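Feature annotations, courtesy of TrEMBL:
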- 37-95: domain 'Chromo' (DOMAIN)
- 179-237: domain 'Pre-SET' (DOMAIN)
- 181, 183, 186, 191: Zn(2+) 1 binding site (BINDING)
- 181, 192, 219, 223: Zn(2+) 2 binding site (BINDING)
- 186, 219, 225, 229: Zn(2+) 3 binding site (BINDING)
- 251, 252, 253, 320, 321, 362, 390: S-adenosyl-L-methionine binding site (BINDING)
- 323, 389, 391, 396: Zn(2+) 4 binding site (BINDING)
- 385-401: domain 'Post-SET' (DOMAIN)
C-alpha cells in the first residue's frame, strides 16, 4: 500500500482536538493532558526587572498557547539543560561572543538563537517519536537508537519500517515449502544445507565459516529442530543494538553498532520491496533524476528480481558504502528455496568495535545497485555520471562506480 502523509501540522491537529474535546494519544492528547499543562520544550529566554523568564511550549497545546513563565516555577531540569546546551551549540557554531543583548534594560536572546533552539527541540521530539516507532515495529530484541548531533535534519518523511520482504503484486516470496530436516540435533547427515548440496554455514560458536559467494541454507519452519538450533541465525534478526546517526561529512544517515561485533557474525538483513527487474529499471531512471536509489539486484541465480528499499526497509536502508567495508553480503535460503529470491544477509568481516560505523561495498558481488542515503549518490549500474566516493578509506577507489 502507498501512504499519503497528513498535510496538517501536529500543532493544527492538537488545536482541533482541544477545540472538539477529542482524545488522540498518538499526538499527545489524552484525558490527562486535555486539561493539564506539562512543559514540552522551552522556546525563548528573557530577563525583566531581575527575574528570569522562559517561553514555554506546553505539551499537547498549540504554539499559540505558549506562555512566559518564571524559572522558579519550572520543574524540568532536563529541558532546561537541553535549552542551554542548544543555545551554546548555536553560539559556538556562529562564533558569536554574546548570547544576550540589552534593550531598555530587558535582556533577551537574539531571534536567530531562539529560532534554532525551537528547531532543535522539535527535532529532538521528532527523533524520539521515530525511535519509538522503529522499536515498536522491529521483530528482534536488540534496540534501535537514533542520533543527530550534526544538523537539523529530522526523520525521513517517506520511509516505512518493515521486517521482511514486501513483494510487489504477482511476486511470491514464499514458494510453499512443505518439508524440513528430521534432525533432533543439527547438523545431521541430512540437514538442510546437505540436502541442498552445500555444507553448514556456521561453526559451533554460530559464526560464519563459508567463503563469500557460497549460499547459506538455514533450517525452516517445517524442520523438527527447535529454536535453539545452531542453523537458525539470520531468521532470528539482528542480535546487536544499533544506532541510526547523522554523519558529519555529507553522507546523510549512517548506522553504527552500540556493541562489539565479533568476526563472521550475522549483523542484519537487507529488506525492501521485491520488484521485477523491468520495474527496477523504470524506478532507477526516476531515482537517478532524484540523485539517490536503494535498488539491490537479487542476482545469485538470475537477475529477474530486485529489492527496492527506498520507501520500505529496515535499519540496513541507512548503511553507507565503504571501499574498505566491515560487512559482507551473503545469500540466504530459509522458507523459500527459489534461487531467484534469496534473502540478503550482512555479516561482519572483522571485529567491529562499539561505536564504529557499519559499512559494506556497494560494488561487491550481490550488492550492486545500492547507494547511500546521501542525495549526491547514484545507482552504480544505472548512473549517468561518475559519483565521488566519500568513504575516507585509505584504499578508496575515488568513485562509487
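Every residue, even glycine, has its Cβ placed from backbone N, Cα and C.
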Item to check | Chain-internal residues near residue 223 (Zn(2+) 2 binding site), provided their CB is under 8 angstroms and they sit 6+ positions away | outcome: 180, 181, 183, 186, 192, 229
Checklist outcome for this item: Across the domain 'Chromo' (37-95), DSSP yields 24 helix, 22 strand, 13 coil
Next on the checklist: Cβ within 8 angstroms of the Cβ centroid of 181, 192, 219, 223: which residues besides those meet this for the Zn(2+) 2 site?
Outcome noted: 180, 183, 186, 191, 218, 220, 222, 224, 225, 229, 231
Checklist entry - Near the Cβ of residue 362 (S-adenosyl-L-methionine binding site), how many other Cβ atoms are there if near means within 10 Å? => result 27
Checklist entry - In angstrom units, rounded to an integer, how far apart are the Cα atoms of residue 219 (Zn(2+) 2 binding site) and residue 396 (Zn(2+) 4 binding site)? => result 38
Item to check | Around the Cβ of residue 225 (Zn(2+) 3 binding site), the count of other Cβ atoms that are within 10 Å | outcome: 22
Item to check | Local Cβ density at residue 183 (Zn(2+) 1 binding site) - other Cβ atoms counted within 10 Å | outcome: 19
